[in-house]
Amino acid sequence: MYFFQTCSQHNAEAPNLEQAFHRMAQTEPNLDHDVSWFLLPSYWAKMVVALISFLCFANSYDGDFVFDDSEAIINNKDLRAETPLGDLWHHDFWGSKLSSNTSHKSYRPLTVLTFRINYLFAGGFYPVGFHVINIILHCTISVLMVDVFSILLGGLQFTNKGRRLNLAPKTSLLAALLFAVHPVHTECVAGIVGRADLLCALFFLLSFLGYCKAFRENKEGHNFSIFWVLVSVILGAVAMLCKEQGITILGLNAVFDALVINKLNVLELIQKLLHKDKSLENAGLLRKGLLFRITLLMSGGASILYIRWRIMGTGPPAFTEVDNPASFADSLFVRAINYNYYYSLNAWLLLCPWWLCFDWSMGCIPLIKSVSDWRIIALAALWFCLIGLICQALCSEDSHKRRILTLGLGFLIIPFLPASNLFFRVGFVIAERVIYLPSIGYCILFTYGFSLLSRQAKKKKILAVAVLGILLINVMRCALRSSQWRSEEQLFRSALSVCPLNAKVHYNVGKNLADKGNQSAAIKYYREAVRLNPKYVHAMNNLGNILKERNELQEAEELLSLAVQIQPDFAAAWMNLGIVQNSLRRFEEAEQSYWTAIKHRKKYPDCYYNLGRLYADLNRHIDALNAWRNATVLKPEHSLAWNNMIILLDNTGNLAQAEAVGREALELIPNDHSLMFSLANVLGKSQKYKESEALFLKAIKANPNAASYHGNLAVLYHRWGNLDLAKKHYEVSLKLDPTAPGTKENYNLLRRKLEQLQKKGGA
């Protein structure tokens, strides 16, 4: 047959393939038969899928680190070479100890390991390498989807030589393309933390394909390879070590085994169980080793979950009401209604991925509190569709339809279960990244629906053009969404139109503006965030900081006081409140605020630094030095604390101690020009002119536009008697800062001295 000569994976087996195809056709209709779609050889189909998936997300390759990337990558010490590799197995995804009360319990050591490799190869935090790996992973997964969908849609058939046949080349290509270009995947691909979902999906699919290999030598289902079943379990464990959803592949392998390998009729089995029929073996439960294989899968899954439970501890992660408000509702009815509404929104994102947002929490989706809320229609529509599909999957007389619908629903629902709030509370309302795996089920159902429509349609080409149009629209939407993920400014602003009620969106826009120095615009967004969520302590803290810098101290104090009242253990707000109180010269209150901050965060070097400044203002020099010393013990690279210690010791005449501290600091931070400058001043006063000069020149080389550096070097030369060099650096200093009074006075003294010397020389 011409069909297998062009489409099968192994054309040399054409005669055997014809026989295999005819055997299949006698038992099941072929899904490709009525579909008007592209017919390509397997390797060409995979090339097309790879190319199109690459085009969708290629423009994200040079994007920045955005949103959660900062915490998971930039601020994650587990990526640094100095952190022992063993720590990755005891820390969560964000670098916190799993035993910590603040840990999210997201145990993904293999994903963090890939971040660490990225960091080491790049020699630092350069996002290009991270983005490129994500794009490659998505392309690889999309290519694997061609094989996966050929099995799910066409069944599992092998030649006599153990080579798998692709019995649905057209529909498997269509389904793989739908998956490759789905815009909801943008967060996983363009957002670097989406690496967890990508790696999980990769090993998830490899586990499934490995399980299929167990039946390569299968003759009517009686023989299978225990080795490949165990490999599948191991790959499922690896998937889970990349992200929690990975464990669900073991359940899906069991479903696939029952439906495809054993051709189990679920409805018939249920009826036999209800009637206590003893002929269960005829129903296929005990035939062909199914029970043994399911036992292996269940045992493997239980062992993996137990080990993970032992590592992460028994305590659940701690989330707040703003993360997932429905889970904190007192009424079981309200919780159930809202969970189901969230499911309907996830389904809508798969059907119409136009409104996408980086965060759906904090008021983005108001709670449904009454059955009179019109949004009840959405969850009613969801369950109407699901029940209809389930009935068809169970009751249809067409075994082919039963198999595809059950597999489609299985791949849609089972990978979503960890994010469903059914077993434990999750830390989000909707997260586009968790739909990456469930979208496999959506693609199966969409493709099957397309094949049914094609069977009924008279003008099949028009239907094919419509689907091609959907693919093209999705490609353009992916490219647009990828460009929005390139920078935080674009990402956060894109969410304003999707979730205008989300306080976190306004907060992040404000923070981005503040980081760029646009404080006036930032204030506007912070105020809106606080208006939308009056208990948003982080927005209050950041707004209070800006008002403090603008010397609007009264309002800053009110905001920060409210923040610590709402969240008494908010250490950063306590510290900032102390800074404001210090500026208002309410020193006792400021000291109390600093110590409260330290009480709630034991290792808080910045707070010790600010406490030292307070003690210095009160002339409590010993206390100031102790506070700054604590800051440097907790954070050895705390340049400001080192500098203040050197300056205070210098000003109080303790030159030897100041010199010792300065040398200690430079050993730890050898390239800090401000420390070089401070130590150079001390050495100059100690008449160690040569060493002082060397440090001044090194500091000037690092920061040539600092007027004070040139001015103080000029003073050194002035004392040393190198008057020409002193004159040169005084002039450079005054050129950089003409208003510096001390430099101007010293320069005038030097000029008078030079004039006197000239007169004496002339006489």
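Glycine is treated like the rest: Cβ placed from N, Cα and C.
Within the listed segments 341-362, 407-428, TrEMBL records transmembrane segment for the stretch 407-428.
Sequence-distant contacts of the repeat 'TPR' (503-536) (same chain, six or more residues past either end, CB-CB distance under 8 Å): 67, 322, 357, 359, 361-364, 488-489, 492-493, 495-496, 542-543, 546-547, 549-550, 559, 566. For the transmembrane segment (434-453), the neighbouring stretch richest in Cβ pairs under 8 Å, chosen from 43-61, 192-212, 376-395, 462-480, is 192-212. Only sequence-distant pairs (6 or more apart) were considered; of these, at least three Cβ pairs between the transmembrane segment (43-61) and the transmembrane segment (462-480) are under 8 A, so the stretches are in contact. Below 8 angstroms of C-beta separation, residues 266-267, 337, 340-341, 343-345, 347-348, 368, 401-402, 405-406, 408-409, 445 of the same chain, each at least six residues beyond the ends of the transmembrane segment (376-395), sit close to that stretch. Remote same-chain residues near the repeat 'TPR' (537-570) are listed as 503, 506-507, 510-511, 514, 519, 522-523, 526-527, 529-530, 576-577, 579-581, 583-584, 596, 600 (criterion: CB distance under 8 Å, separation of at least six residues from the stretch ends).
Summarising model confidence by region, the repeat 'TPR' (707-740) averages a pLDDT of 89.
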